[in-house]
């Protein structure tokens, strides 16, 4: 099956609250590969690759806030964006 891609930029209180760690667990749950990393402006960027249904479920889970300590202000979603093909989901430091 074809896999879809998306880049998500998540703003709000999303750094220092376990957001990347819990995002990785959500990615495993929905069989999503890609990366998650903190950006210098305080936001988090996610590169995601998965079958369409799983990618949509992953995005919905991110919008709800995977970490109990986070507060999501906005999730910018760029579907179909070019993303490096990966077999795993990794935290980028």
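Glycine residues also receive a Cβ, built from the backbone N, Cα and C atoms like all the rest.
What Swiss-Prot says about this protein:
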- 20: active site (ACT_SITE)
- 38: active site (ACT_SITE)
- 5-93: domain 'Acylphosphatase-like' (DOMAIN)
Cβ packing number for residue 38 (active site), 10 Å threshold: 17
Chain-internal residues, separated by at least six, CB under 8 A from residue 20 (active site): 36, 37, 38, 44, 91
Composition by DSSP (helix, strand, coil) of residues within the domain 'Acylphosphatase-like' (5-93): 24 helix, 35 strand, 30 coil
